[in-house]
Amino acid sequence: MATGANATPLDFPSKKRKRSRWNQDTMEQKTVIPGMPTVIPPGLTREQERAYIVQLQIEDLTRKLRTGDLGIPPNPEDRSPSPEPIYNSEGKRLNTREFRTRKKLEEERHNLITEMVALNPDFKPPADYKPPATRVSDKVMIPQDEYPEINFVGLLIGPRGNTLKNIEKECNAKIMIRGKGSVKEGKVGRKDGQMLPGEDEPLHALVTANTMENVKKAVEQIRNILKQGIETPEDQNDLRKMQLRELARLNGTLREDDNRILRPWQSSETRSITNTTVCTKCGGAGHIASDCKFQRPGDPQSAQDKARMDKEYLSLMAELGEAPVPASVGSTSGPATTPLASAPRPAAPANNPPPPSLMSTTQSRPPWMNSGPSESRPYHGMHGGGPGGPGGGPHSFPHPLPSLTGGHGGHPMQHNPNGPPPPWMQPPPPPMNQGPHPPGHHGPPPMDQYLGSTPVGSGVYRLHQGKGMMPPPPMGMMPPPPPPPSGQPPPPPSGPLPPWQQQQQQPPPPPPPSSSMASSTPLPWQQNTTTTTTSAGTGSIPPWQQQQAAAAASPGAPQMQGNPTMVPLPPGVQPPLPPGAPPPPPPPPPGSAGMMYAPPPPPPPPMDPSNFVTMMGMGVAGMPPFGMPPAPPPPPPQN
């Protein structure tokens with residue numbers, strides 16, 4: 001350094017300029033902040049003084065960041081040396097001086113705001129304040145290679161990612177699963193073909209948060225899930241069950257009662273009052289005995305039921321004249337009711353007899369009186385070949401003949417003395433208190449029952465007796481049904497023999513004496529028995545006239561009640577003959593045996609088919625009932 005005269009002006013330091021209020025280069029300037037008091041009041045505490053200073057600094061930094069006055073010296077020589085430049089993919093520098101200065105001011109303001117919030121919880125940061133982007137992160141390794149059978153990723157993510165979202169929400173952290181196996185096979189990676197971040201690392205969970213406390217909390221929950229998946233079996237893992245339940249709820253297949261009740265095969269059947277109701281007839285459940293429609297299957301019939309059915313069957317066969325009357329019927333069935341005194345029955349359609357149950361229970365009418373008119377059944381009295389004749393066996397029906405001739409070609413309606421009497425001459429079944437029929441009996445009830453609604457003592461009955469004519473049978477009268485066919489199996493051996501076998505085994509009885517008619521008054525169905533048996537061999541009077549004479553000769557016989565529905569025939573009117581029948585023979589000459597009766601009246605006028613009442617025999621007197629054969633003509637005179 002030169003001294004003295006050799007000294008230059010540069011060697012002497014420059015004098016400092018005097019400071020003045022108008023100088024613009026002063027380093028210290030007064031700071032004026034709007035809204036902040038410039039005078040500090042006395043008596044403040046240390047916390048209040050610190051809060052005032054911190055708030056003043058926050059406002060100053062906010063003003064600088066807002067106005068862009070970052071305090072960078074304009075002279076480059078006064079600036080501090082810059083670090084190495086950092087460029088982005090576009091070639092722009094990232095760490096410029098302005099960027100570094102702004103980042104420094106933001107960090108300083110962030111620290112001041114954090115301190116101010118701790119001093120004054122009611123402090124509100126500036127509007128342009130944003131927390132810094134720096135975050136705390138941590139990694140949690142997932143032992144997938146050690147336990148390949150456990151799905152750790154599924155336990156962490158959960159159904160639709162809800163488990164991971166819940167952890168992030170609770171811990172205020174961000175969790176990402178990265179590494180090998182974090183991405184499912186087949187998913188497309190980055191478009192540029194580069195690897196995803198952390199893909200070359202082992203499988204792990206990256207936890208990122210603003211604070212270290214949030215990161216630690218999230219890491220602890222992740223480790224608990226991994227530990228539970230390793231130590232607890234899958235069927236006992238509560239987290240796994242909860243995830244499956246939530247997945248079912250999201251899919252709409254959740255049943256809320258699965259865990260509260262047992263399975264159908266494990267729970268007992270609920271008791272119902274209907275299931276406990278048992279029928280006493282059929283043994284079924286669900287209904288009572290009064291509503292049961294079936295009998296108990298397989299129950300054997302009692303002895304009383306069998307005896308009652310046998311008795312009803314024997315009674316029916318006795319009414320048909322095919323079996324003896326059981327001895328107990330008269331005492332158990334109450335007062336006997338004759339068919340003539342029974343109640344009227346409405347007309348039934350053709351070929352439709354009543355059911356056997358009605359015949360067996362009522363026992364009021366024989367079946368040939370209850371059956372309707374039928375053209376398919378022949379009449380015994382209208383053709384030859386009856387029982388015992390040339391027609392066949394004792395129970396075979398002969399073929400109908402076109403003319404009203406006997407079985408041997410004799411006179412019309414002449415009885416064969418060698419064979420059994422015609423059906424209208426056969427005796428009726430004996431009364432219920434007189435035992436069975438005599439052997440060889442084959443016929444139906446006597447003609448007194450065929451009178452139907454005509455009483456014995458009525459005028460119509462006497463009219464027919466006086467004129468030598470048989471009264472017409474009532475409506476609904478039909479001959480007895482034929483016996484069973486030969487192909488029908490016989491009844492079981494335990495029951496009684498069939499009626500036709502009983503009749504074949506019994507020998508013919510001797511004819512009853514004629515004196516029995518005079519000793520006591522016979523019953524109505526016994527009046528024809530004596531007359532028909534005694535007159536069978538004489539041949540002086542025709543059989544149908546013998547019955548009428550015998551009925552007229554017994555005035556003491558009780559009169560039978562007629563059917564109230566039948567209209568009696570007026571005197572002097574003869575029933576019309578059926579179509580196809582031969583005309584009646586002329587009356588016998590005087591002095592013959594047939595002149596004891598009045599000659600028959602002329603036939604009535606023809607019927608009007610258009611009048612239904614006339615056709616039914618209810619409007620014109622003297623017309624026979626519907627579907628009944630007419631009375632036979634009187635016999636020719638005998639020389």
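Placement of Cβ uses the backbone N, Cα and C atoms for every residue, glycine included.
In summary, of the candidate residues S14, S182, S268, S360, the record from Swiss-Prot lists phosphoserine for S14, whereas the others have no such entry there. According to Swiss-Prot, of the candidate residues S89, S453, S540, the site noted as phosphoserine is S89. Segment annotation: Swiss-Prot labels motif 'Nuclear localization signal' over residues 15-19 (candidates 15-19, 100-104, 330-334). Noted from Swiss-Prot: of S80, S554, the annotation phosphoserine belongs to S80. Long-range neighbours of the region 'Disordered' (65-94) within the same chain, counting only residues 6 or more positions beyond its ends whose Cβ lies under 8 Å from a Cβ of the stretch, are 100-102, 105-106, 109, 128. Counting in whole angstrom, S82 (phosphoserine) lies 21 from S89 (phosphoserine) by their C-alpha atoms. Cβ crowding, taken as the number of other Cβ atoms within 10 Å, peaks at S82 among the modified residues S82, S89. When the region 'Disordered' (65-94) is classified with DSSP, helix, strand and coil residues number 6 helix, 2 strand, 22 coil. When DSSP labels each residue, the zinc finger (277-296) comes out as 3 helix, 2 strand, 15 coil, counted as helix, strand and coil in that order.
The number of other Cβ atoms within 10 Å of the Cβ belonging to S80 (phosphoserine), over all protein chains shown, comes to 8.
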